[in-house]
Amino acid sequence: MSAETVEKAIEKKPSEALLSKRRKKLISDPLVDDNPITIQVLGICSALAVTTQMKPTLVMAISVIFVVVMANLTISLLRNTIPSRVRIIVQLAVVATLVTLVSEILRAFAYDMYKELSVFVGLIITNCIVMGRLEAFALGNKPYDSILDGFGSALGYSWIILTVAFFRELWGSGSVFGIPVFDYVSGIFGDDFSLATNGLMVSPVGAFIILGLIIWVQRTKTGYVEH
Amino acid sequence: MQQSNAYIITFSVILTVVLGLLLSGTSQVLGPMQREAEALDKKKQILGAVISGDEIDAMSPEEVNAFYTNRISSTVVDINGQEVKEQGGVAVSAETVDIAKNYKKPADQRLYPVFIFHKEGDSEAVESYIFPLYGAGLWDAIWGYLALDTDMNTVGGITMAHAGETPGLGARITEPGVQERYVGKEIFNESGELVAVSMQKGEGKDYSDNPHQVDGMSGATITGNGVNTMLQNYLGHYKAYIESKKGSKAMAAAF
């Protein structure tokens with residue numbers, strides 16, 4: 001009899017589904033409703049700096065996803081051992097290590113990308129999204145949830161910078177991923193239809209304008225108002 | 001929960017050691033690959049002075065290395081144009097000379113590498129001479145490679161790079177459209193003085209009838225001036241070597 005009750009006690013706590021509703025929200029919330037760039041207005045610096053072209057932006061997005069997810073996982077695993085008085089420094093050390101790893105790997109396997117992104121990869125350290133997620137989520141939640149949360153936030157960051165980069169490269173350089181779209185257009189419709197590129201889009205001002213438009217569209221749809 | 005000081009210090013020490021080992025390990029493993037990537041990048045820059053960027057982009061790393069080995073030979077000279085084989089008992093090779101480090105020394109003590117671009121299939125015949133350049137832009141260092149045709153006067157091509165010029169303004173020195181403006185220009189004037197090629201203020205004018213001037217970059221006059229100074233300086237440093245090649249050429253023609 002006693003053996004039975006013990007078994008029941010274990011069964012009583014069913015594990016949460018791998019992608020339960022709550023966990024799905026961890027990923028989907030930062031995409032629109034709680035987007036790190038457009039709602040929380042974090043990580044603007046890199047959103048302006050690297051988004052002149054799609055290719056470096058994609059590499060930057062992947063790097064940020066890697067850093068945020070890994071940092072969230074590490075901090076979450078250590079959350080019960082980290083002394084609270086030095087937790088910010090511990091977070092910083094973990095993030096800095098991850099960022100250095102990314103930068104070293106790029107330098108070995110994608111040197112051209114490394115040259116182009118150089119200081120911006122290093123500046124992921126100062127990207128508030130990373131430290132923000134560590135402090136707000138990973139320190140108080142289990143590893144798997146922290147991974148999902150980090151992935152969601154980084155994805156929310158990524159799609160915004162990729163969208164900004166798409167328009168900046170298209171209007172500023174007339175291409176997408178280095179493919180000269182404008183040249184094809186004038187090739188199909190003849191030279192009368194040649195499109196001019198806009199130099200404003202290449203400068204950081206262009207990123208501000210696109211970002212502003214995205215925020216405008218998004219807030220019109222979601223009805224979000226700043227408190 | 002408030003931890004004791006001993007716990008905090010122990011935790012910090014362990015964390016530091018673990019992260020430190022991780023980083024130094026990575027650096028050890030990736031080091032050789034990084035040096036290879038850097039050497040390849042340098043070769044691409046050198047070749048960029050004589051062949052177009054599109055051609056280089058189309059080549060695989062192995063092809064770049066093979067092309068470089070087949071077509072480029074190199075030498076190191078001093079300010080007087082004399083070949084330098086060793087310095088302080090150590091043999092020098094043009095590939096390992098660090099232009100940026102040499103830039104910090106006085107001009108007459110620097111080593112000056114020269115890369116010689118040969119005709120296809122003929123390792124004796126010279127197509128052009130490639131000279132490294134180094135200088136200061138608006139924010140940070142700029143550098144490049146200039147190719148001179150065998151008359152030692154006509155610019156065959158130039159490639160430029162920068163560490164931190166403003167994107168869309170000074171950073172345009174890396175664009176083929178800007179670099180092409182130098183092709184066909186001359187560095188000596190009619191009376192044989194070294195005047196180099198200077199980029200002018202403003203953009204959109206036609207300088208095709210002036211062999212020593214090229215169109216400027218709008219909004220990047222300071223970077224343009226940096227490029228001018230860099231060309232003026234380094235062509236000056238290489239002047240002895242250039243003159244010697246010119247002399248031997250004239251001599252050969254006279255015979």
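Using N, Cα and C of the backbone, Cβ positions are placed for all residues, glycine too.
TrEMBL entries are annotated by machine, without manual review.
The annotation transmembrane segment is assigned in TrEMBL to A:58-78 (among others).
Residues 59, 63, 66-67, 70-71, 74-75, 78, 82-83, 117, 121-122, 124-125, 130-131, 134-135 of the same chain lie 6 or more positions beyond the ends of the transmembrane segment (A:90-111) yet place their CB under 8 Å from a CB of it. The transmembrane segment feature in TrEMBL is assigned to A:90-111 (among others).
The transmembrane segment annotation in TrEMBL covers A:117-134 (among others).
As annotated by TrEMBL, transmembrane segment applies to A:199-217 (among others). Sequence-remote contacts of a segment are chain residues at least 6 beyond its ends whose Cβ falls under 8 Å from one of its Cβ atoms, and for the transmembrane segment (A:199-217) they are 37-38, 44, 47-49, 51-52, 160, 163-164, 167-168, 171-173.
Long-range Cβ contacts of the transmembrane segment (A:58-78) within its own chain (Cβ-Cβ under 8 Å, at least 6 residues beyond either end) map to 43, 46, 50, 90-91, 94-95, 98-99, 102, 106, 110, 113, 117, 120-121, 124, 127, 129-130, 133-134, 137-139, 141-143, 145-147, 149-151, 153-155, 157-158, 161-162. Tertiary proximity for the transmembrane segment (A:117-134) is limited to same-chain residues at least six positions away from its ends with a CB under 8 Å from its CB atoms, namely 36, 40, 42-43, 45-46, 49-50, 56, 59-60, 63-64, 67-68, 71-72, 75, 88, 91-92, 94-96, 99, 102-103, 106, 149-150, 153-154, 157.
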